[in-house]
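According to TrEMBL, the features are:
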DOMAIN    1-348  domain 'Major facilitator superfamily (MFS) profile'
TRANSMEM  6-24  transmembrane segment
TRANSMEM  31-50  transmembrane segment
TRANSMEM  56-77  transmembrane segment
TRANSMEM  89-113  transmembrane segment
TRANSMEM  119-139  transmembrane segment
TRANSMEM  169-192  transmembrane segment
TRANSMEM  204-223  transmembrane segment
TRANSMEM  235-256  transmembrane segment
TRANSMEM  262-284  transmembrane segment
TRANSMEM  296-318  transmembrane segment
TRANSMEM  324-343  transmembrane segment
Amino acid sequence: MQLTLTAFLVAFAVGQLVIGPISDGAGRRRILLAGTALFTLASIVCAISPDATTLILARVVQGLGGAAAAVSARAMVGDASTGALRSRLFATLAVVNSVGPVVAPLVGGVVLTVWSWRAAFVVLAALGLALTIAAARLLPETLVRTGAGGTSPRAVLGRMAELLRIPRFRWYLITGCAATIGFFSYIATSSFVFQEQYGFGEGLYTLVFASNASCMIASTLVFRRLIGRFDEDRLFTIGLLTCAVGSALVLVGAIGGIGPAVVWPALALVTAGWGWVIPGSITLTQALGHRHPGTASALVGGLQFGLGGLATPLAGALGGTATAMGALMSGFIAVGLAAQLWASRARSGG
């Protein structure tokens, strides 16, 4: 099953990098509809797959469909809104993007206790079908045809290069990627840490995971309400500092042998910080990439999920312990803070 997850994540990341820039020339709506339809069909194939090879191939197609839908949705927000409204809408999308990876294991666990693993894909197929119908009925095309976007490789790469030449865009992108790797480090190692290292039963671990997910959801909703009232860059920095403090406490608790009495609440603090950092990275980069929303969406989503996928092998190489989790989170949050410092200097012209 781990190989099928890897296949999905690689396709999801690469698909965004390819499809997002194309949507700047070809339009959003039909790409989004094709993506949700493809996701639905691939989920059905996953549910009825007779062997591992078919399942892996179907997961690749499913990842590509999901990538088309996700990257187009963010680009549509960039097309259709401006200012504080655009930031709030991006924050709303970020609730789904950031909370999905922490809620999905909980929902999947419930499904697996009642049915087989195939039922999880039936649920995904039903969700994909509902989204396809809703999008077809409710979403118009949002791309204004200006002739500035083309779909040739040269045009696509040109738009990417244009955005990457913006200093603040680069630094916010690096910050978001670093924070995302830290986030996926938690996802990849928390089960082993609490169940194997600390001896928590499945029910108590579910409580740990659900409580941290609740912190992240609540924090993201608070971030959404604060946008427009306070400077987004400052909110983003506060989120990073919160993550840094929480990650350091996780590392101290692990190295000092204090255990879950410190690690659990420290992780709650980290996840609360991620509730500001992950949507903040999306809103700030998309705002700077407003001339090419699809390309900006591709770079944000593709690189964050692609690099986030490195967390699992990195955590495994370090042993998957609480110390490894704390070290990975602290290290990558430190990288994010350094990049944010450069972004702030670029903003002030220093």
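Keep in mind that glycine also has a Cβ here, set from the backbone N, Cα and C atoms.
Within the same chain, residues 19, 22-23, 58-59, 61-62, 64-70, 72-73, 76, 118-119, 121-122, 124-125, 128-129, 131-132, 135-136, 139 sit at least 6 positions outside the transmembrane segment (31-50) and bring their C-beta atoms closer than 8 Å to a C-beta of that stretch. Over the domain 'Major facilitator superfamily (MFS) profile' (1-348), the average per-residue pLDDT in this prediction is 84.
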